[in-house]
Amino acid sequence: MAMDDYDDDMSSVGVTTARIENQHQQHPHQQGQHGHHQQGQGQSQYSAGAVKVGGWRYEDASRYIGEWNQRGQKHGIGHLQFADGTRYDGQFQEGLSQGVGCLWFADGAKYEGEFHQGWFHGNGIFWRADGMKYEGEFRGGKIWGLGLLTFQDFTHGFPRNEGFFQDCRFMRRRRCPEVVQRAQKCALMARSQCEHPY
């Protein structure tokens, strides 16, 4: 069988993510005394009445340490830890992951790269817990665009697929070294961004 004829179960990568957010979009200090987000505990530093940097532990056991905007939303650099062990370190904008960041899943999978409105979006690298690695373009939380998919072993047939992916499915072969390099650069920027004092 020629590589161009290759078609197996792994033409579908199986990477779809939930939007990186939790139910706590706002800092509890911005709500009224009986506001919905008042559960939890934390400490913050204030500047002219607005929360700038602080930490908060929510009732559902998730935690956030980082920067906030004047409306009480996660905004700037921060660390968000969910109760299941999933962790995001990186940039936030108005309560959602936005910019570059690193996301570690409880099952051992991880993503380093660009985010847009809470989704993997742009360029980055995703490692699945079984050793599969995708370096390339993402859209709306899915593998979508040009990229390189590799496996640590031959359990899924050919050890690499390079080309165009749509909705997590391998569509056609195409060399794309410039896209892979861009994904590697974004992942490196995300890793360096995650090295913060929180």
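We count from 1, first residue shown onward.
Just so you know, glycine gets a Cβ as well, placed from its N, Cα and C.
If you look up Swiss-Prot, you'll see 23-45 marked as compositional bias 'Low complexity'. Swiss-Prot lists Ala2 with the feature N-acetylalanine, giving experimental evidence as the kind of evidence. Taken from Swiss-Prot, the feature region 'Disordered' covers 23-46. Residues annotated as repeat 'MORN 1' in Swiss-Prot: 64-87. Taken from Swiss-Prot, the feature repeat 'MORN 2' applies to 88-109. Residues or ranges marked as repeat 'MORN 3' in Swiss-Prot: 111-132. Under the heading repeat 'MORN 4', Swiss-Prot lists 134-153, citing sequence analysis as support.
Within the same chain, residues 10, 13, 15-19, 113-114, 119-126, 159-168, 170, 174, 176, 179-180, 183-184, 187 sit at least 6 positions outside the repeat 'MORN 4' (134-153) and bring their C-beta atoms closer than 8 Å to a C-beta of that stretch. Mean model confidence of the repeat 'MORN 2' (88-109) amounts to 96 (pLDDT, 0 to 100 scale). Note on the repeat 'MORN 4' (134-153): DSSP counts are 0 helix, 15 strand, 5 coil. The DSSP breakdown of the repeat 'MORN 3' (111-132), given as helix, strand and coil counts, is 0 helix, 15 strand, 7 coil. With DSSP classes pooled into helix, strand and coil, the tally for the repeat 'MORN 2' (88-109) is 0 helix, 15 strand, 7 coil.
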